[in-house]
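Annotation source Swiss-Prot lists 3-amino-2-oxopropyl phosphate binding site at ASN8, ARG19, ASP203, GLY225, HIS226. The active site, proton acceptor annotation in Swiss-Prot covers HIS44, GLU74 and is backed by sequence analysis. The 1-deoxy-D-xylulose 5-phosphate binding site feature in Swiss-Prot is assigned to ARG46, HIS51, THR111. Summarising the annotation, Swiss-Prot assigns site 'Transition state stabilizer' to GLU162. If you look up Swiss-Prot, you'll see HIS202 marked as active site, proton donor, on the strength of sequence analysis.
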Amino acid sequence: MTTQLSVNVNKIAVLRNSRGGADPDVVQAARACIAAGAHGITVHPRPDQRHIRADDVLALSALTRAQAVEFNIEGNPFAPPRAGYPGLLELCRATRPQQITLVPDGDGQLTSDHGFDFAQDTTQLAELITAFKQLGSRVSLFVDAGNPDIARAAALGADRIELYTGPYAHAHASGQADATLALFADAAQRASAAGLGINAGHDLSQANLGDFLAAVPGVLEVSIGHALISEALYQGLDASVRAYVDILRGSHVSA
């Protein structure tokens, strides 16, 4: 089995929102990614609507269903509704995505930069996971590779974890990836032993993805946005997506 690519289109919305109006069109960009071979589309709507908005989520849900690819909605399950943002649970009720990835990011964070602390996020998180799974969605929890309680995600009811790969990307860029890869491989093995599927995401790129997949067993899906869109500025969107698909074809999921 080949690791699946879910393209995060948040950065398309950032560019659109910086000018106002409808261009670039998030749905058109997502359609181009799917045509180039992406296996799914990811969005992370935030309460401040800095990029993906509620109407984008609805439109992309319709597109992914029509194209028969997976839709993955990321978000903070604890963030309350506010003007223009109905809350993660309500967005998911309206769209029933194939996967919901829960992320503990605060309103002021520039980007997601840490996973759940299972020593604290327990009872309320378990209740929310149950509510999301009642929609028929697969639930994944964003976690740090060094979290000693990764197996706790299974006890809380999650189906998968998403390994936060920012530290790996930083280590790879500085030529010091080996020790970090060992940490991620161990995390993946612990997750697999607990019966959890393994996703990965954050700062993965054409430069570092192949090395990551070669060292970390069982990665079912990678979610890639910032690097892919950045590379698309030079390569074109179609070519950028195809480059990732080629990397994934060169690696196979192993237990």
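For all residues, glycine too, the Cβ spot is worked out from N, Cα and C.
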Cα-to-Cα gap, GLU162 (site 'Transition state stabilizer') vs HIS202 (active site, proton donor), nearest whole Å: 10
By Cα-Cα distance, the member of recorded positions ARG46, HIS51, GLU74, HIS202 nearest ARG19 (3-amino-2-oxopropyl phosphate binding site): HIS51
Maximal Cα-Cα distance (Å) across residues annotated as binding 3-amino-2-oxopropyl phosphate, namely ASN8, ARG19, ASP203, GLY225, HIS226: 25
HIS44, HIS226 as recorded positions, winner by CB count within 10 A: HIS44
Listed recorded positions HIS44, ARG46, HIS51, filtered to Cα within 10 Å of ASN8 (3-amino-2-oxopropyl phosphate binding site): HIS44
Those recorded positions of HIS51, GLU74, HIS202, HIS226 having Cα within 10 angstroms of HIS44 (active site, proton acceptor): HIS51, GLU74
Within 10 angstroms of GLY225 (3-amino-2-oxopropyl phosphate binding site), Cα basis - recorded positions out of ARG46, HIS51, GLU74, HIS202: HIS202
Residues satisfying Cβ distance under 8 Å from ASP203 (3-amino-2-oxopropyl phosphate binding site), sequence separation of at least 6: THR165, GLY166, TYR168, ALA169, HIS170, HIS226, ALA227
C-beta crowding around HIS51 (1-deoxy-D-xylulose 5-phosphate binding site), within 10 angstroms: 23
